[in-house]
Amino acid sequence: MNITVIGTGYVGLVTGTCFSDMGNKVYCVDIIEEKIEDLKKGIIPIYENDLEEMVVKNYKNGNLLFTTNLEEGIKNSNICFIAVGTPMAKDRSADLTAIYKIAKNLGEIIDHDMIVVTKSTVPVGTGDKIKEIIAEEFKKLNKPWQVHVVSNPEFLKEGTAVADSMRPDRVVIGSDDEKTIEILKELYYPFVKNHDRFIIMDIRSAEMSKYASNAMLATRISFMNEMAMICEKTGADVNKVRLGVGSDSRIGYSFLYAGCGYGGSCFPKDVQALIKVSENYNYTPKILKEVENINYEMKKILFEKIKKYFLETKGLKDLKGLKIAIWGLSFKPGTDDMRESTSVVLIKELISSGVYINSYDPKAVNEAKKILNDQLYKEKISYFNDKYEATEDCDGLVLVTEWNEFRSPDFKILENNLKNKVIFDGRNQYNNDLLKNLGFKYYQIGVLEDF
Ligand SMILES: NC(=O)c1ccc[n+]([C@@H]2O[C@H](COP(=O)([O-])OP(=O)(O)OC[C@H]3O[C@@H](n4cnc5c(N)ncnc54)[C@H](O)[C@@H]3O)[C@@H](O)[C@H]2O)c1
Ligand SMILES: O=c1ccn([C@@H]2O[C@H](COP(=O)(O)OP(=O)(O)O[C@H]3O[C@H](CO)[C@@H](O)[C@H](O)[C@H]3O)[C@@H](O)[C@H]2O)c(=O)[nH]1
C-alpha cells in the first residue's frame, strides 16, 4: 500500500518505518526541514533500539521516503496517518493546534478518495472535528472525493517502540465504514497475524480507549506509590508487597513498580488532558486528580530523603556545597527522552539548595543539556562519560533511571569514590541486605527508613 505518515517523532517515524519494512511505500512528512534532511542521511533524531538500521535499510530500498512536502505524500497515497504531537497546553488540555492545521491542509490537498487515520493521542470528539474541517474545505472547493476518518490510537512504549509496533498487543480501529476497516486490517495483518488482536469500535470509544489505558497504567503506579508510602511508615517492604499483590492473576505484575514518579511525554499530559475533558463535560474526576497529586509528591521524594540524611544523620545545617552523583537522566531506560523526567525535578531542587551535580546517563545527556540550559544549572552540573567517574569525590549517589548498566555496579569502586557510603535509589534496584553488609546506607522507595 502507499501511505503518508505526518510527523516523524517517536510515533510517526517508528510507525512509518515499520510499515515500510513490511513492503509498503511510505512517505514520512515533517515540517522541520533539518530533521528530514538528517533522516535522508541516516541521522535519526531520537534514540530507539533497532530504529536506525531499519530506517537506513528501507530508505535505501525506496520503501521509505522523507519529505517536507505534504502534497507529495498525499498525491501518492490512499491512507494518511496523523502522528504529530498533542502536547499539554497552558490550561493543561491537549493542544490540538497541529492536528487541526493538518486537517485543513488535507481538506485543501486531497484529490482522490482517502482514509485519514489519527494515530496521535486526541480527546474524544477530535475525529468528528477533523471530519468537519475536511468536509468544510471540500465544500468550498466542490470536491467529490470520499474521505473516511479513523481513530487508530498508538500504544507503543519508548525504549521498545520498534518491538511494540512490530508485535502490538492489539490494534484498535475506530471507524464506522466496513471497507475502511478491511483495508486497515489488511495493512496491519503482518503485524498481528491473529485476527483476535483487531478491536473494532466507533471513533469516540477508540479515542477514549487510549486515554483510559494510560490513565489505568498511571493509576497502578500511583496506587503502588501510595502503598510504598504506607510501607515506609509501617515497616513493610513494597518490593515484597508487589510480589504478594502481582501474583494474583486478576492483578498481574506489570506496572506495579513503586519509584520516584512516572514521567515521559504521555502519562503526565494524558492524565491531565483527560481531567480537562471530563471537566469540560461537567464531570469532576476524583481518582485521576489524586493519581497526578501522588505523582507530583513522588517526584520530590528523593530530594526529601537526601535532605533528611544530610541534616538529620550527618548533622549538617544545610546542603550548600555538597556534590551529589546522579545516575540516569532520561524518564525511563532505553530512551534519550527527558520530557517530564524526575531527574529534572531533583536536579533543580538540589541546585536551588546549593548542591553541585555530577551526572551520568548513557543516552540522554544532549537532551538534558537542552532542558537544563539556564546559566545556574550549566554552572552547577557536570556531565560524565563514565558512571564511576561521575561518583568521584561525591557526597552520595542517587539512582533515578534504572538503565541495565546500573543494575550490578562494582560497589568497591563506589566505596572508594564516594565520601559517604550512601545510595538513594529511586527505582529499588539493589539488595537491601547486600548493601547493608557492605556498610552502605541504602534508601529505597517504600522500605522502612533507617536514618
Ligand atoms: N511518544 C510516545 O511514546 C507515544 C506513544 C503513543 C502515542 N503517542 C502520541 O502520539 C503523538 C505523537 O507523539 P510523539 O512522541 O511522536 O511526538 P514528537 O513530538 O516526538 O513528534 C511530533 C512530530 O510532528 C512534527 N509536526 C508537527 N506539526 C507538523 C505538521 N503540521 N506537519 C508535519 N509534521 C509536523 C514535529 O515536527 C515532530 O517531528 C502524540 O499525540 C502522543 O501523545 C506518543
Ligand atoms: O511499574 C512502573 C512502570 C513504569 N513506571 C514509570 O512510568 C513512566 C512511563 O513508563 P512507560 O509506560 O514504560 O513509558 P512510555 O513510553 O511513556 O509509555 C506509555 O505512554 C505511551 C504514550 O501514550 C503509551 O503508548 C504506552 O502504552 C505507555 O506505557 C516512566 O517514567 C517509568 O519509570 C513506574 O514508575 N512504575
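Even glycines carry a Cβ here, placed using N, Cα and C.
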Handout entry: Same-site substrate binder from Lys60, Lys75, Lys332, Lys348, given that TrEMBL records Phe155, Leu156, Lys157, Glu158, Lys210, Phe255, Leu256, Tyr257, Ala258, Gly259, Gly263
Key = Lys332
Problem - Asp30, Lys35, Thr86, Thr121, Glu158, Lys269 bind NAD(+) per TrEMBL; candidate in Arg204, Arg220, Arg339 listed for that same site - result: Arg339
Fill in the blank from the handout: The most crowded of the binding-site residues Lys157, Lys269, Arg339, judged by neighbouring Cβ atoms within 10 Å of its own Cβ, is Lys269
Fill in the blank from the handout: Gly263 (substrate binding site), Cβ-centred 10 Å count of other Cβ atoms over all protein chains shown, is 24
Exercise for the section: Count, for each of the binding-site residues Lys35, Lys210, the other C-beta atoms lying within 10 angstroms of its own C-beta, and report the residue with the smallest count. Expected result: Lys35
Completion exercise
Lys35 (NAD(+) binding site) sits from Lys210 (substrate binding site) (Cα to Cα, rounded, in Å) at a distance of 28
Practice task
Could you work out which of the recorded positions (Leu256, Cys266) has its C-beta surrounded by the smallest number of other C-beta atoms within 10 A?
Solution key: Leu256
